[in-house]
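Trainee: What follows is a single structure, and I will ask about it in a moment.
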Amino acid sequence: MIPKTHPRYKSLMLREKIIDGWKKGIVATAGLIAHGRGEAFDYMLGEKTTLPAKKAIKAAAASLLLSKNPVISVNGNTAALSAKDVVKLAEVIGGKIEVNLFHRTVKRARKIKKILMKAGAKEVLGIDEKLKHIDVDSNRSTASPHGIYNADTVLVPLEDGDRTEALVKSGKTVIAIDLNPLSRTSQTATISIVDNIVRALPKLYEEVVKLKNKNKEELKEIIEKFDNKKNLEEVLKLIEIERYKSHRSSRTSRSR
Ligand code: ATP
Ligand code: MG
């Protein structure tokens, strides 16, 4: 049991979820390590949704509302941490959910589908259907003809750089959620949300609800005003600033 007073309580609870997902065969072994990389960046960003992340979330919400066939791509870590939030977001944007795994086994894919269905999904693509392939040299190339293959916008939380690049090259709008502003995913996506998925997805949902009644022109303007490269530079500056702050007083003390 992790006491609630522990300064890393939230972070440790997420770690428990990932470990639990691994024990159940949802999270791949490499997914444990990927989570650790995310944790490190989250720590450096103060474990909060930063201003640049908020800007990216707003642009992402506008983009999802403007797209005709948006799809959320789900892997093991995403399912273990955020199944319910994925379903909620898919519903509000009228989008589809598709399982896509780097370390793909049919067994694991079916387990992930089961979790998503339990969380309320009506349909989960990418399994038990004839799949197409996008131009990427790994198991991640699979794409459902009813989902990612024909999507105009793909939301890729915790994605791999090669696949992000391939999706962007194929002309799709790619929205990434990735805590590492330097990853190839963040660097190549159309809109990069540098935030923890557990904070970013609920905020993205809220933003979609807020913007839902705006007209197309207003939504387009939000996207046009957003500059992904500049936004990523702002994230890097924040990491620099956080380095000089006292971690001891704000985040390692138990006496709060
Ligand atoms: P890339 O292939 O894009 O260059 P990478 O190889 O460094 O990235 P991967 O292991 O492919 O990284 O993907 C994991 C990514 O997901 C990492 O960049 C990590 O920071 C991020 N990540 C892990 N956990 C979370 C989380 N909970 N929320 C958001 N991002 C996360
Ligand atoms: Mg990678």
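Using N, Cα and C of the backbone, Cβ positions are placed for all residues, glycine too.
Whatever TrEMBL says is automated annotation, not expert-curated.
Per TrEMBL, the feature ATP binding site maps to ARG15, ARG37, ASP178, LEU179, ASN180, ARG184, THR185, ASN196, ILE197. What TrEMBL records for 201-229 is coiled coil.
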Trainee: Counting Cβ atoms within 10 Å across all protein chains shown, which of the binding-site residues ARG15, ASP178, ASN180, THR185 comes out on top?
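Mentor: The most densely surrounded of these binding-site residues is ASP178.
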Trainee: Using the residues the record lists for ATP (ARG15, ARG37, ASP178, LEU179, ASN180, ARG184, THR185, ASN196, ILE197), what whole-number Å value is the largest Cα to Cα distance?
Mentor: 24
Trainee: Taking all residues of the coiled coil (201-229) together, what is their mean pLDDT?
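Mentor: Across the coiled coil (201-229), the average pLDDT comes out at 98.
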Trainee: Mind giving me a neighbour count for ILE197 (ATP binding site)? Other Cβ atoms within 10 Å of its Cβ, every protein chain shown.
Mentor: 22
Trainee: Could you say whether, by DSSP, ASP178 (ATP binding site) belongs to a helix, a strand or a coil region?
Mentor: coil
